[in-house]
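TrEMBL has this to say about the protein:
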type	residues	note
BINDING	A:Cys118, A:Cys121, A:Ser122, A:Cys123	Fe(3+) binding site
DOMAIN	A:16-208	domain 'Nitrile hydratase alpha/Thiocyanate hydrolase gamma'
REGION	A:214-233	region 'Disordered'
Amino acid sequence: MSDKHKPQPMVDEISDFEVLETAVRELAIEKGLFSAEDHRRWTEYVHTLGPVPAARLVAKAWLDPEYKKLAVKDGVKASLAVGVDWINSPPTGFGTPSDYCNLRVLEDTPKLKHVVVCTLCSCYPRPILGQSPEWYRTPNYRRRLVRWPRQVLAEFGLQLPPDVEIRVADSNQKTRYIVLPVRPAGTEGWTEDQLAEIVTRDCLIGVAVPKPGVTTNEKRPVRPAVHPVHHDH
Amino acid sequence: MSKSQHDRTHHAKKATGIGDPQCFKGEAGSAKFKVGDKVRIRDLPDLFYTRCQVYTRGAVGTVVALVYESPAAEDEAWDNTDKPEWFYSVKFRQKDLWPEYHDVYANDTLETEFSERWLEKA
């Protein structure tokens, strides 16, 4: 019998994970560890996040050599210019508990290309870049990138000449990184908006480089969630 | 060291308006290493927890930045935050980490961070 002919379930199935999520959340609120208001505020904060501020930081740095110097020297201060205060933007007032307050901006040059991973888990510069991709959290990416960066990057469609230094940054402590790629040819005279549009999330991780005309991450299979989050705000 | 109850206000009191690891600034004393120093990663015991990757143990790299002061993760993960130390960003040649790394890509490197306890002069 094919899947098509199976009867539809009468009710939405609730997974063990969802049962436990409700149990933990209700217990924490009942015991006063955090409030329902805290939970809502955090979710709303997360909904404000995405890769746009980091892309804008890169575009600004391409257009302003002084700002680029600041970005490379003090990523936390440079983030303020794109509306991201690593300390005060999160609801805590002391940075997010898991992303900390030490952004570093890794500047690529024609002879140096950075790519970022967290081999120990999935550390990622969420306040300025949003949620990490699923593949970034996989044991596969975490195991392989540090040792075979050229092979992994080639799978992403990115190849660089042998004399270009590929530098892998492993985010293992309190620093989080974004990559400041080289401004591509064919973008002469472009505005900040135009430049920011080609700096995708993948460029900011380092698995892609910006290209005129390419304004989205490369298409890859998307595994659907059973009960997906709806961003209908 | 043992605390009968976790103080749930301590971190917020220390870090609000300041940030983490900014709130530990000045608490680690003088740094043992400086930018440009060659350092070897010590193979300290890692029973229960570490954030010093096994792949770096025994390897020699170069200090490229003193990034901040903070309690080591090996302490902070067990709620011991009273002994901050310096953290260093260290760059390795890939050839020095992976025996099979090809000479064609001799320029390739890897950068990651260590608290001071993990480093010795190379």
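Residue numbers in this text run from 1 along the chain shown.
Cβ coordinates are placed from backbone N, Cα and C, and glycine is handled just like the others.
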Please give the sequence-distant neighbours of the region 'Disordered' (A:214-233): residues at least 6 beyond its ends with Cβ less than 8 Å from one of its Cβ atoms. 12, 15, 18, 47, 134-135, 156-157, 197-198, 200-202, 208
In the structure shown, which of the binding-site residues A:Cys118, A:Cys123 has the fewest Cβ neighbours within 10 Å? A:Cys118
Using a 10 Å radius on the Cβ of A:Cys121 (Fe(3+) binding site), the other Cβ atoms enclosed count 13
I'd like the number of other C-beta atoms within 10 A of the C-beta of A:Ser122 (Fe(3+) binding site), please. 19
Starting from the Fe(3+) site formed by A:Cys118, A:Cys121, A:Ser122, A:Cys123, give every other residue of that chain whose CB sits within 8 Å of the mean position of their CB atoms, in sequence order. A:Thr119, A:Leu120, A:Tyr124, A:Ser132, A:Arg137, A:Arg142, A:Ser171
Restricting attention to the domain 'Nitrile hydratase alpha/Thiocyanate hydrolase gamma' (A:16-208), give the mean pLDDT. 98
DSSP-derived structure type at A:Cys121 (Fe(3+) binding site), helix or strand or else coil: coil
